Amino acid sequence: MSVAEFLDMGGYALYVWGSFGVSALLMILEPIMLRNHRRAVLQRIARIIRIKAGEKV
Amino acid sequence: MFSAFRTLMGRDLLLAMRRRSDLFTTLFFFVIVVSLFPLGIGPEMNTLRLIAPGVFWVAALLASMLALERLFAVDYEDGALEQMLLAPQPLFVLVLAKVTAHWLVTGLPLVLMAPLLGLQYDLSSEALGVMVLSLLLGTPALSLIGAIGAALTLGLRGGGVLVSLLVLPLYIPVLIFGSGAVEATASGLGGQGHISMLGAILVLSLLLAPLAASAALRISVE
Amino acid sequence: MPPVAKFNEVTGTKPYLYYQTPGTAGLHYPMNSRLINWFKFSSPATFYPLAGRLVPIFAVLALALIGVGLYMSFFVAPTDYKQGEGYRIIFVHVPAAWMSMFIYLIMAFWAALGLVFNTRLSGMMTRALAPTGAIFAFLALWTGAFWGKPMWGTWWVWDARLTSELILLFLYLGYLALQGAIDDTRRADRAGALLVLVGVVNIPIIYYSVQWWNTLHQGATISMDNGSKMGVTMLWTMLIMALGFWAYTIAVALARVRSIILEREADTTWVSELAEVRL
């Protein structure tokens, strides 16, 4: 089976790759967004701590 | 317990009668929505007869949802709701009283108006009868289920839109059986099965919805 | 200073008193609770590092299982004699649909737990699961449409299963909208829990009514596995993909719950003592 044949999916290329592609996209995007969110939260907390430390001094 | 139910219901009805404009807005909304469909679809009577059950039921759904926002909001703002939460009577009885009064003011007029509007859609007298019966069983269930959503969104910004998101998916069974009853009757299949399902839904929501709504009220007010 | 308790975070076998851990002084715990061993996991301060250990494990598991599942979907499972290569869509469609339903049930479990025992972690877990559940519900619909177009000739059919899935997506969106509208976290948790429970009571009724409606209207009652007998390889592929989606869900939900814990406990000492905060 050649690559082109595989990609063609027996004429169902749009449907098969449309399904798997969008699923893969969302399941990759979600963890990335989670990581970005976590970074933002950590930064915010670190900033709060720094401000508090500054107040004490 | 019964006297508490009656007192609270009487009070809510009295309040509604003092502000009659509120009473009519829901009804007019229903009338206008139902009358708009022929303008959007065309005056072909065969088509209208076909879509009438769905149109009436969706309009009833939207109308009863519009009225939900005011179910607890007024009492919440003037503090009466907090007194009800502290009252010795079980909360679900009070919720049931409020919902009953609310349905009498906003739901019952729709039921009574429906056959008149049904004439616009050239429905047979038999189908009209089933329509009234299905609305009579279905709209109280809508008010009861809606009370949960109204209680959950109490005092939130954008509560009106939010309540529709929460409540409309839960309305679907009532919509299906309500419009199904009218449709089955109109097409000669007989709508008894649908009507008994609607009755079952009403009984179930009478038992469960006031409990859920009281729990929601406690969560929202505390 | 009490001894800093150490315990096996994966199995949690070694008993220890969580209120002796540093930094939990600001939180209120039932000091005399006999259920301490169980409830220690419901304390965000102890759950946070535990979840941190579990996330990579489940992430690796998810990658491996989905990798194997994908390989099997494309290279091992034979071409269907009736639906050709197009049927391979079910290897992602069916697991996604399963997950969307399971996740709602798990949310209901956490919601009930939260309302009964009043643990803060349950509300956070419910909230952490919801976006993933909504994504899977959307994927089930999306892939269902891409399956329906070549098989039924239209993108959308008011089939009982697709319609129920759509309603499930609405339920997820309603929950997320409610969570977004409430600022007070305690109220958000409890209101969300109640909504999920109301939804879970309604789901059988909705499903039943949609099926009734569907058969009455003589709509498309074609099932996904119509015509072709489900082969053993197909079933295995679907199961492995489903397990992979499970692992993915657990990893993502735990990662999200960690962020939620950090956001809510930002003022506590234990958060400020975390290594990742002191950058």
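Every residue, even glycine, has its Cβ placed from backbone N, Cα and C.
Now, the feature entries from TrEMBL:
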type     : residues  : note
TRANSMEM : B:21-41   : transmembrane segment
TRANSMEM : B:47-68   : transmembrane segment
TRANSMEM : B:91-116  : transmembrane segment
TRANSMEM : B:128-154 : transmembrane segment
TRANSMEM : B:161-182 : transmembrane segment
TRANSMEM : B:194-217 : transmembrane segment
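Counted over residue pairs 6 or more apart, the CB atoms of the transmembrane segment (B:194-217) and the transmembrane segment (B:47-68) come under 8 Å in fewer than three pairs, which marks the two as apart.
Non-local neighbours of the transmembrane segment (B:128-154) in the same chain are 53, 56-57, 60-61, 64-65, 68-69, 71-73, 76, 95, 98-99, 102-103, 106-108, 110-111, 114-115, 118-119, 162-163, 166-167, 170-171, 174, 177-179, 181-182, 185, 191, 194-195, 198-199, 201-202, 205-206, 209-210, 212-214, 216-217, 219-221; each lies 6+ residues outside the stretch with a CB under 8 Å from one of its CB atoms. A contact links the transmembrane segment (B:91-116) to the transmembrane segment (B:47-68), because at least 3 Cβ pairs that are 6 or more residues apart lie under 8 A.
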